[in-house]
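Quick notes on the structure that follows.
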């Protein structure tokens, strides 16, 4: 894994009273010969499950054993309510549940609410936000000798994401190149998923796509958890106990309404953003034509 190029110049909007969480971000790189790496998982997290948390541990093991990087932080980035996924619980509850899970079950995971509490942000922009906060504003990660080194930011996701990326017309070519070319992705393989064909269709970025096999299969999903809850079934030991307590305390997911997978939500959102870009380009072309 090589160091990324400087981030593009971009203006970011922040939610009210927003502060980027750094309380568990490593201040000093243990091995100065390594490349500092930050893992970012974007998703609905409705609710956050043990598999979401386990993904970070699997990725950390993979990075340690197979790369020249050192993980210095991990972030869950819940999507905005504007994600337009049917039945999506409010960002307020989703962020609270993620915070309970991260703070009470992990020593290194954090929750960044930047994406959750504003308009929908494309994944490429979310990764730019992390790059900006860690490298531009804070100058990267400190080395033992007092100098600093920029951190690599990588997307962490389940295999359903790479499947949508390989589907023509879902993601713009520019965003794919930005996410897979500039940042790269760590994909956690899920039971029954055939990743070979999906990755083959993204061969241009194959060097930046890292597939991580589950040594202990876990197919727990938020969709299944919500189904259990609607049926009045127990979800203990599928989610962290504080999250289960929070759901029970607030009476969440008793009537979840229409459901859709995270992948289908991503497809709808990215297609809409793509259409907006096409409409803007067409309008610009029409304006140019009429003025000439």
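Heads up, the Cβ atoms here are built off N, Cα and C, so glycines get one too.
Note that TrEMBL annotation is computational and uncurated.
The range from 233-262, 263-292 that TrEMBL describes as region 'Disordered' is residues 263-292. Averaged across the domain 'Cytidyltransferase-like' (40-226), pLDDT in this predicted model comes to 93.
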